[in-house]
Structure formats: C-alpha cells, structure tokens
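Everything on this sheet refers to the single structure shown next.
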Amino acid sequence: MHRSDAAPASSIRIYFRLLSYVRPYVGLFAVSILGYVIFASSQPMLAGVLKYFVDGLTHPDAALVTGVPLLDGMELMHGVPLMIVLIAAWQGLGGYLGNYFLARVSLGLVHDLRQTLFDSLLRLPNTYFDQHSSGHLISRITFNVTMVTGAATDAIKIVIREGLTVVFLFAYLLWMNWRLTLVMVAILPLISLMVRNASGKFRKQSRKIQVAMGDVTHVASETIQGYRVVRSFGGEHYERERFRAASEDNTRKQLKMVKTSAVYTPTLQLVTYSAMAVVLFLVLRLRGEASVGDLVAYITAAGLLPKPIRQLSEVSSTIQRGVAGAESIFEQLDDKPEVDHGRIERERVSGRIEVRDLSFRYPGSDREVLDSVSFTVEPGQMIALVGRSGSGKSTLANLIPRFYHHDRGQILIDGVDVEDYTLKNLRRHIALVTQQVTLFNDTVANNIAYGDLAGLPRAAVEAAAEAGYAKEFIDRLPQGFDTLIGENGVTLSGGQRQRLAIARALLKNAPILILDEATSALDTESERHIQAALHRVMQARTTLVIAHRLSTIEQADVIMVMDHGRIVERGSHAELLAAGGHYARLHAMQFREEPAVAEGR
C-alpha cells in the first residue's frame, strides 16, 4: 500500500467535500472574493505610483507628466500623496469586504458542521457509543470543528487574498520586465516540492494532536462526571496525574507541529529571498536600460512578494490540520446510522411479546450473552427476570426496543417481528426505566415531559408524578415543577431521580413497560409506594421487570430465572420456591442477608 501516493488525492477529496459545506453561503463567499480582488489589486498600484513619482522627480518633462493639460509636472506630483491615501482606502475597502463576509461564512460553517455532527450522533447505533468515549465525541464537535473551520475559511482567506496578491504582483513584474521575472518563477517548482513534503508531515501530526486532544477531553469529562467517587476514594492525585499525562502528550504533539512549521517557514523564506537577491543583482546590470522609476517600481513590487508567499506556505499547516479534523468528522458522518428497514407503523399495540430461540453476542466477543431464549408474555402480564449479574437480563431488555440487533431468533410484538416496525413507532410503544437514570439540566416538568411528551398538559405531568410517588418531594422544591435540577439531576437524591424517571415512563403511557432495576435506588417506604403505584398501572400494560431484590417481584405472573444467557427456571413465586432450585436458593440467600442488614442498622 503506497500511502504517500494516496494521501494527497485523499486530502484533495476531503478538502473539496469540506468546501461543499460552503455552498449555502456562495453569495457571501463571492462578495468576500471580490473584496480580496480589490485588496490584491492595490499592491501593484503602489509600485506604479512610486514609478510615476520617481520618474517625475528625475524627469519632470517626461511625456507622462506633460501630457496632462492645465497642470504642470510638479502640480501633478503633488497629487501623489493623495493617490497613496486613495490606494490605502481602496485596500481597506477590499480588506473589510473580504474579512467581514468570509467571517459570516466561517461562523455559518461552524454552526452547520456542529449541527450535522450532533444530528449524526442522534442517529448512530448503540454499538458506536460503546466503542467511542464521550470525551472523543465531544472533542470532535468542539476542537475538530474549529480546526476544520480554519481549513475551510481562514485558509481560503489567505489562499485567495495572498494568492491574488502574488498573481497581481507577478503580472505587474512580467509587464515591467518578463526576463527578470522568470528568475523568480524558476523557484516555484522548489517551493511546490517543499509545500508537498511539509503537508504530509502536518497532516500526520494533526491526526495525532486531535487524538491527544480527545484524550484530554475524555479524562476531564470522566473526572467531572465522577467527582464524588474521585473525592470519596481519594482519587485526586491519580486523576491529576492522568490529566497531566494526557495534557503533556498533547503539548508534545503540538510542539512537534510547531517545530516542523518553525523549520519549514524560514527555509522557504531563504529560498524566496535568495531568488530576490539574484533579481537585485541583475537589476544592477540593467541600470542603463531602464529608468530610475522602473527600477524602483520593480524592486518595490518584488519586495512585496515574500510576505504573501510566506503566508501561502504557512497556510499548508492550517489546511492539513483541518483536513485531519475533517477526516475524523466525515468518518463519523459516514458511519451507518441505526438500521431501520421496518415499514410497519401501528397506532397502538396490545403488548403481546413473543421471543423465539433468541441468541446474541456483543460485537468483538465470542461469548453468547443470550443463548436460545424463548418465552411469551401475554398483554397485561407482568414477567420478572432474575438471576446473577451477567446472566443476560439487561441485554434481553435492550433487544426489545432494538438498541442492539440479535444474531439469531425473533422478537415479536403482537405477532410482528420488531425488525418490521419502524424504529420510531416501535419505541413509541415501549417505556423503559433503567437503574442508570438520565436527567437533563432543565426543570422537573421538562424532565418528566421529555421529547415526544413535551406537548402534554401540565395536569398530565402532575398526575404521572403523583403516580410515580414523585409529587410529594417535587412540591417541597423551591419552584415546584419549575425547579431547575442541575446536570443529570445533581440537586436530587438517587431515589428522587429514579422516581422522576418512573414518572416519565408512566407519562408515556406505553403498552409495554420495561423496568430494569428501576426501584434499586429507592428507600423501603418509597419502594412500597412505587410498587403500589406500579401495580395499578401494570394492569393495563405488559410489564417486564428486571430485579435484584426478589421481594419486589413476588406478585409477577411469571418469574424467569436466567443463568449464563439461558432461562433455567420459570414459574410463579410459590411454584419456584416449592421447586427448590435456583430461585429458591437466591430467595433464601436474600432472606438471610436482609435481617442481618436490618440488625446492622
């Protein structure tokens, strides 16, 4: 594989794809280009005015001066300062139009890219989030997009403004003396070779910088989210060292990029100025063939060239940083969204669930998490799944709403394979409450009436809160249902957060309710109230309960005991106790533990 050969073509392809995001702003972009044309045209104007001024001083009777009626040579010469001011104003106008309108393009591009990237996150499958840390995903939206914007707009600004300046100056120099100008043109292949060589290094280093920046964001994100654990277990030193290591790695990679640029830019300047030195030497040989004004104008125009050439050479690093950032962004955008080939949509289902010979393993694993699982849940029934951690209970619950796709077997709702429902319609029929509660930095009411539930009346929200035994503590909050609860409900207790999650599920009023350790964070009194509330709402719903505390599922119609991905027992509470198998042993173990815990209190 010849990566070095493929990389430039790949860079061009990525860059042109990136520029496609500028298309909605083509009008603004055109105005900015016009501004830079105005700006660039002012450069040779200055050299021309100096030629006119010097020739006027040395030869006041020159035809250019005497050919203007009503004014003598010196009167015309007094107009030169005004011409310089007008050229500066012309240049300022061009700079304003170019910079302002390109900034509008740049800010729009940042918004569009971030929005597109965020929208893609909402469509990606669960497995994508399992394989990518939140820190790296956040870094793409923040750091990478900023780098990409630099390539798409800031780099264009330099390429257009300085590129046009070089074109105008070269055109002027060719018009003045094409033979001398060819000496400067001769260095362009060497400059091109240097730029190509540096571009590969810049892009490679930029990829490493973005990964390192993602590591910094990841460590910071984990520490902030788990700050209670960090402080409780004395992890401050460990996290400090972990962050320092990530930050130092990022700094080293940044410095390597700076070092490459620091060597590359002066080398390019040396080549450019060497060409200028040759030109100046040749100018001395032409003293008798050109006027003093011609020589001054030529030297002035040639002297204006190194700055734009240097800036054009430096823009390579900006472009390659952006291309590397765009590469990671497009990798995410090109990742396949959740598979949704279903076509069936139903207003409401009765809630009959049938699982046939279901098997599943996580990507990259050779262990079956679920192995030939089969069962049926009739509408309105309550089914409980119990078993040791890792037996496959939560995995089974995640397969019903298609958070993952099973390898073998079928899951049917009302006789229709879940794969045949559209994802949105399937999930509308399922309310899910897990042990890991997710709340948002918003009001209590907006956390209960979230997403598709946002338009429901306040009375329905309050009724759901009451049914979830949450209204009692909500009424004690400073602004009641309008109280802001902080990031992930940080101002609430674990039990309060879980009750809000249950209220949200109850408000959804879905025919299928999945409770995955939903009452694990509740105290005994709250759990008793919740169980009573759930008992009422379960009568009209098919309910799948995953529980560790067996006392919470004794009233289930069917209890299924799972072990190593298989259902090893099923029956009612009484039947399973009488059988003396897995369930009876789990029950006896908890029966011994609970009195001991109570005595310890």
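First residue shown is number 1, and so on along the chain.
The backbone N, Cα and C atoms fix where each Cβ goes, and this holds for glycine too.
Just so it is clear, the model here is predicted, and its values are computed rather than measured.
The following features are taken from Swiss-Prot:
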- Gly387, Arg388, Ser389, Gly390, Ser391, Gly392, Lys393, Ser394: ATP binding site (BINDING)
- 30-321: domain 'ABC transmembrane type-1' (DOMAIN)
- 353-589: domain 'ABC transporter' (DOMAIN)
- 26-46: transmembrane segment (TRANSMEM)
- 82-102: transmembrane segment (TRANSMEM)
- 167-187: transmembrane segment (TRANSMEM)
- 263-283: transmembrane segment (TRANSMEM)
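Just so you know, the Cβ of Gly390 (ATP binding site) picks up 14 other Cβ atoms within 10 Å once every protein chain is counted. Counting every protein chain shown, the number of other Cβ atoms lying within 10 Å of the Cβ of Gly392 (ATP binding site) is 23. According to its DSSP assignment, Ser394 (ATP binding site) is helical. A Cβ distance under 8 Å defines the sequence-distant neighbours of the transmembrane segment (167-187), meaning residues of its chain 6+ beyond its ends; these are 40-41, 43-44, 47-48, 271-272, 274-276, 278-279, 282-283, 286, 290, 294, 297-298, 301-302, 304-305, 308.
For the binding-site residues Arg388, Lys393, counting C-beta atoms within 10 A of each C-beta gives the highest total at Lys393. The record gives Gly387, Arg388, Ser389, Gly390, Ser391, Gly392, Lys393, Ser394 for ATP. Within 8 Å of the mean position of their Cβ atoms, the other Cβ atoms in that chain belong to Met562, Asp563. Neighbour density for Ser394 (ATP binding site): within 10 A of its CB lie 18 other CB atoms from the protein chains shown.
The average pLDDT the prediction assigns to the domain 'ABC transporter' (353-589) is 86.
Annotation note: Gly387 (ATP binding site) sits in a strand segment as assigned by DSSP. For the binding-site residues given as Ser389, Ser391, the lowest number of other CB atoms within 10 Å of the residue's CB is seen at Ser389. For Gly387 (ATP binding site), the same-chain residues lying six or more positions away in sequence with a CB closer than 8 A to its CB are Lys393, Val561, Met562, Asp563, His582, Leu586.
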